[in-house]
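Undergrad: My questions will all concern the structure given below.
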Amino acid sequence: MCLGCLPPSQLFSCTWVGFSPPLWRFPLTRGPSPTSAGARVPWGLGSLLCAQLGHRGTQEVPPGVTGGTLGMVRARAGALLLHHLLDQRPHVALFRELYLVCVETALFSRQFSNLLGTVYRCGNLNFTCDGNSLISPVGNRVTVFDLKNNKSDTLPLATRYNIKCVGLSPDGRLAIIVDEGGDALLVSLVCRSVLHHFHFKGAVHSVAFSPDGRKFVVTKGNGAQLYHAPGRRREFNAFVLDKTYFGPYDETTCIDWTDDSKCFVVGSKDMSTWVFGAERWDNLIYYALGGHRDAIVACFFEADSLDVYTLSQDGALCVWQCDTPPAGLRLKAPSGWRADLQRREGDEDEEDNEEEERAVRGKAAPAAEEQQGKVRYSRLAKYFFNKEGDFNNLTAAAYHKKVHLLVTGFASGMFHLHELPEFNLIHSLSISDQRVASVAINSSGDWIAFGCSGLGQLLVWEWQSESYVLKQQGHFNSMVSLAYSPDGQYIVTGGDDGKVKVWNTLSGFCFITFTEHSSGVTGVTFTATGYVIVTSSMDGTVRAFDLHRYRNFRTFTSPRPTQFSCVAVDTSGEVVAAGAQDSFEIFIWSMQTGRLLDVLSGHEGPISGLCFNPTKSVLASASWDRTVRLWDMADSWRTTETLALTSDALAVTFRPDGAELAVATLNSQITFWDPENAVQTGSIEGRHDLKSGRKELDKITAKHSAKGKAFTALCYSADGQSVLAGGRSKFVCIYHVREQILRKRFEISGNLSLDAMEEFLNRRKMTEFGNLALIDQDAAEEAGVAIPLPGVKKGDMSSRHFKPEIRVTSLRFSPTGRCWAATTTEGLLIYSLDARMLFDPFELDTSVTPARVRAALRQRDFTRAILMAFRLNERKLLQEALESVPWDEGEPRARGGGGGGAGPQQVPAGLASSSQSRSSAPPCRTCTWRRCWSFWLRPWRCRTIWSSTSCGRRSCSWRTGRSSRPGRGRCCRRFSSSRRASSATSTASPSCATGTAIASGSRWPSPSSGA
């Protein structure tokens, strides 16, 4: 095994020959967590590299160097170490190269940051326990909308399919997320991580926690399953099945609990409602309620009562009254071995009087059965929502028990507010043209959330003031293009629905929508000032929008009606260019006057891309005629160069310095050109990096269909060394331009509800008549997939249900270079280096203040001051506390030895224990290490066997290693041990080679000093 294949703990575990710094003091595995980029790690890789570069004190890991990044650095770091070992080069140069490797790799360790452009897809909405945040399922992800602070954040987790239902615990700490395939995730909303995976082995329609948080119920098939909810203790199995309830003859749809968690009610599609007991009640095992003519949509318990409200799809409301209060439920008497156990535990006196007690109970038994009989329900009233006769299906409902408020949503987009049990209408309003899929009410009863899956709308309505708290809507169809503002604060997107939306990257909300286009938007861009947006559309217009007044102040048209496929603006913002799709021409307008300046002809195919040179007045145009033309604006738009390609051009972009041009072609290649000399400088073959999947309706395999896939979006990084590429695939690739290699590949989605996600189809769906996906399912089923009309690629695919194909339509790097964004089938995805840290304070109270920390420093109570600084987690205060500790405080921990070694070194008493616990004990001065390198004909099979002889002390961490067996093409290692030195040397502290020298800022001790 070569050094590049060694794990980090072995790679940096020993002192190498020819190196003065002992690398065992800095294990790679002690870096920051994968979510804490830039965290302060004084004893990790950051201190090692920064110390070698001349820095002292508590250093920081370079931005982006996370735990996941260290794994990618391992192979290159091992190769560098072996190379320097053979060349015996100075260790400072080595660690400088290692530092550059880490920084270079960190630039591509971007992780998913947020999801914009999509606010709701399907599933149920939930308010948090405080009522200020709304949890919305978006595809296979979950987005949390903070309504108080006006921010949205997507959790860094994803399910395999679209989310079907979300259950929130009463305390708001846990959430159970179930997708369409029946896979469940137990998520901690505090640390935003997945705690447990579980598969229910079937489709789950709803999930609900009990009010006490000890149990939860899921509806699966025609039954309901009761589970014990996970608690604060660690358990091997987080979900423990308690009991399974059967009764309905069709699928169950909804759940609700009583306030005391004693009973729950389940609605079904067979028009019946069932009340079950969560415990073994004597007078209530189950109770079936009828009275409806359609499927049950929702059912609710009254507050502190067993009365039930049931609502059906045909708009009927039934009020059921129970003759028994919740306190009247009796536990069932134990039987069998439980009765025997209780009988044995009884006293002897009770056993003597058993016959007399039985006689008394026997006389009162008939009266007791009459007074305390079984639980019975009676229908108190029945109301109808469709009194006018207009047929309108009821699709969603929610009930607030404290204020007795019932909210119902209908298929026409209307909602009603009623007061129960009198059924008094409070309010009625139409909020959408599509059906209301989900309704939720916050804890105070003031805000009502509505989700419309057809248009992807999410609304929060305050019914008392009759105003919107939140009103967001994504693009109806897929997004096509995006552009960053020059300061990176805003992102503009254009979709096939003809809308142009501007998103705030900090809050994640859309604050303006332009609807002037009457057809799909094909291109968007910002001007250099950042206050003007220029868009092109298939309706034959190019429009300019002002972000100051939020209006369309310029409309550019062509002499003949044409469809524009792309748009570009020069660096000054005075010239606007747009390419035509049908006339193969390029139109040039003036931004100031709005007049048409010139029409550029020469291409023989549709224009696929336009891009201005950032430094010169040169326009590059790519076309399907396998050419890229360069037009000089200063020379009357004359064609200066024509670059011949091997295939149709799909995208073109300039490097930020304008010295290079990148073109994506139909044969999955990316070619790089020198625009000055019209010479091709390089090319990248990306066919195998796309790895496109097979659609359910494809007749050919994914390998053959990949021949027709290519990159359709290109973008250079801020430094111009890398290029970002994406297309009809679920992968986004980053290539190194100079080396022409793949640096990293991002998988933008793992949602199997989308089409073309898997390379191979499931053979169980293949029949002798074809794929089961070709069968048109019932439109009433939400998960149905309908066959699109021939030639239909966009829109509703001739039905309200279809399976969209995963693809990337546009890519852009942020001007800061810290993040990049992509418009995909799932929405606008943002990948960033700036991980959103969640500060969870530990033992932080009002008494811990910066003033108290400085007061403790003045009192020379350094341990308490450092602990309080760590609790506050403020960088400057923590640095001040650490640097205020004098080095003469504390007992001596190490003594330098040997010639040229450092003098006595001391470590503060408050930091001694932490330094000892963060690293293993080093070898003693009496232990001698030698290594023998044996390179055979196959050096990559070489393995280093670490062996040593120890001094015998219990505190010494190095023990005699196992020698390798000779032969088999492996290297053997011979070692020897020097005899013990003088008694004075042998009495030295076994921790003589600890990291004290680093803390004090002195030089590294040489390895020969302790021999």
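For all residues, glycine too, the Cβ spot is worked out from N, Cα and C.
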Undergrad: In TrEMBL, which of 788-819, 948-979, 980-1011 is labelled region 'Disordered'?
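TA: In TrEMBL, residues 980-1011 carry the label region 'Disordered'.
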Undergrad: Using DSSP, tally how many residues of the repeat 'WD' (289-321) sit in helix, strand and coil.
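TA: Its residues fall into 0 helix, 18 strand, 15 coil.
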Undergrad: Would you kindly list the residues that approach the repeat 'WD' (514-555) from elsewhere in its chain, counting only those six or more residues past its ends and only Cβ-Cβ distances under 8 Å?
TA: 477, 480-487, 490, 492-502, 561-569, 571-573, 576, 578, 581, 587, 589, 591, 594, 794
Undergrad: Tell me the residue counts in helix, strand and coil for the repeat 'WD' (472-504), as DSSP assigns them.
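TA: Its residues fall into 0 helix, 19 strand, 14 coil.
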Undergrad: If you run through the repeat 'WD' (600-641) with DSSP, how many residues end up as helix, strand and coil?
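TA: Going through the repeat 'WD' (600-641) residue by residue, I get 0 helix, 23 strand, 19 coil.
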